[in-house]
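Here the structure comes first, spelled out in C-alpha cells, and everything after it is commentary.
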Amino acid sequence: MNILRRIPANLIASRYYYTNRVKKTTLYSKISPLGDPKSSVYPELQNWVQCGKKVSVAELIRIVHDLRRRKRFLHALEVSKWMNETGVCVFSPTEHAVHLDLIGRVYGFVTAEEYFENLKEQYKNDKTYGALLNCYVRQQNVEKSLLHFEKMKEMGFVTSSLTYNNIMCLYTNIGQHEKVPKVLEEMKEENVAPDNYSYRICINAFGAMYDLERIGGTLRDMERRQDITMDWNTYAVAAKFYIDGGDCDRAVELLKMSENRLEKKDGEGYNHLITLYARLGKKIEVLRLWDLEKDVCKRRINQDYLTVLQSLVKIDALVEAEEVLTEWKSSGNCYDFRVPNTVIRGYIGKSMEEKAEAMLEDLARRGKATTPESWELVATAYAEKGTLENAFKCMKTALGVEVGSRKWRPGLTLVTSVLSWVGDEGSLKEVESFVASLRNCIGVNKQMYHALVKADIREGGRNIDTLLQRMKDDKIEIDEETTVILSTRSPC
C-alpha cells in the first residue's frame, strides 16, 4: 500500500538543512537520537524537568508526531503517557486518539479497547472512535472493524472520507479488492465526498484485478469533480498499473500528467517517476527527470542517488550510472555503501566482475566500508566462469570484512567450488587459514577436510593422521570420496 500513501509535507521539508546552523540543545535533540527501541525515553524526560528546563506542550506534541513518523511507536507512546500522567498536557479527544492509536500499534487492539472503554464519555467522539477503528483495521480484524464502523455510522461519526478509507484499506489488505469500489459507491450515496486517497485506493483495487478500463473510468470521474484537485501521485499510481498491463503509451501519457502536477522541491515525486520510466526502459526520460530534480532540489540525499542509480542499472545504462556515482562522491553526502553497491551489482549483471572487484578494492583502499555479501557476489561471478583463483581471493576478503552483529553465510555451492580449487591448488598454509575463517561463518563440513587432506598430500602427507583424527573429533565420517582422496598418497 506504500504506493497509495500521501507524502507528508514535513517529509519533503526534512530534505533541506543548513550545515552552518548552531545546534541548540532541546528536549527533541535529547530524545531523537535514542534509536534503540529497548531503551526508555523516561529518564531523558525526567532529567530534563529535574534540571529546571522548560518543556512546552507544542514541543512534546511535535516529538510524538516525529517519533510516530519514524515508526518509533513505543517511544512516542512513552512521551504521550508522560505528558498525560504529569499533567503537562490536558488531553483533548485529539490527544486521546493519538495515544489510543499508539497503544494499538505497540500492544494491539485489545489493550486499545481497554483504554477506549475507560475514557470519559465526553472524549468518545469521532476522533477516538476513528483511532480504535484504525487499530482493528491494522490487525485485519474484519468482524470488529465492520461492527465498529456500523456503530460509528449510527452515532453520526462517519462524516468524512477518512473512515471509509479505513474500510477500503481493510478490504485491500485482506485481498478482497472487489469490495473496495462498493465502499466508494456507498460513500457517495451517503453524500460523503471521496478524497484523492479514496480514489487511489480504488485505483489500486482495479489494478489488482487487472481492470484498466475501470482505472480509466475512475480517473475521468475524479477529473470531473470540482472538489478534487488532481495530484501527481494519483496519475503515477494509475501509470504503474498501465505499465503492469502492457499499455505503455497510456502509461507515458499519465506520467506526463503526473509530472505536470509535481511541486517544486518534491524529490520523492521525481524519484517515483524516475523508477516508473525505468520500468518502461526510457533512459532519456530517466536522465531528463534526474536533471530536473537536480535543478529544483539543490541538495540530493542518498536516497535520491540510490533511486536514479537503481533505475539506470535496471535499463543497463552503466556509463550514465558511473557518471551519477561520480556526482555522488563529490556531493558531500555521508558515505552509504548501498550507493556504490548498486553499480557493483550492475557490473555483475553484465558479467563485468573485474570492474566490480576493482570498485570494491578502491573503496577498501580508501577506508570505506564494504560488505561480505558484495565480495561474495563477485566471487560467485568468477566461480561461474571457472576463474576460481579470483573467486578464492574475493572469498578471503569477504571473510575478513567486519560484519558486526549481523550473520553472513556464504552460499554452499560457492564454498564447495572454492574449497575444491584451493585443495587442488593452494598451499596447506593457505587452506588452513581459509578453513579457519570459514568455520567461523558456517561451521565445519567434510569439504573443508577434503581440501586440507588434498593440500597436505601434495606437500608430502605428513599431517594426514592428525587431520583424520580432527575429522573424527568433529564427528565427520570418512566416506568414499575421502577414501579416493587418501588413495592418491604416495606409498611410504
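Placed from the backbone N, Cα and C atoms, the Cβ positions cover glycine too.
Annotated features, as they stand in Swiss-Prot:
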type	residues	note
TRANSIT	1-17	transit peptide
REPEAT	125-159	repeat 'PPR 1'
REPEAT	160-194	repeat 'PPR 2'
REPEAT	195-225	repeat 'PPR 3'
REPEAT	231-261	repeat 'PPR 4'
REPEAT	266-296	repeat 'PPR 5'
REPEAT	301-335	repeat 'PPR 6'
REPEAT	336-370	repeat 'PPR 7'
REPEAT	371-405	repeat 'PPR 8'
Counted with DSSP (H/G/I as helix, E/B as strand, rest coil), the repeat 'PPR 7' (336-370) has 25 helix, 0 strand, 10 coil
Per DSSP, the repeat 'PPR 5' (266-296) contains 27 helix, 0 strand, 4 coil
By Cβ distance under 8 Å, which residues at least 6 away from the ends of the repeat 'PPR 6' (301-335) in the same chain are close to it? 15, 267, 270-271, 274-275, 277-279, 281-283, 286-287, 290, 293, 342-343, 345-347, 349-350, 352, 368-369
Could you count the residues of the repeat 'PPR 2' (160-194) that DSSP puts in helix, in strand and in coil? 26 helix, 0 strand, 9 coil
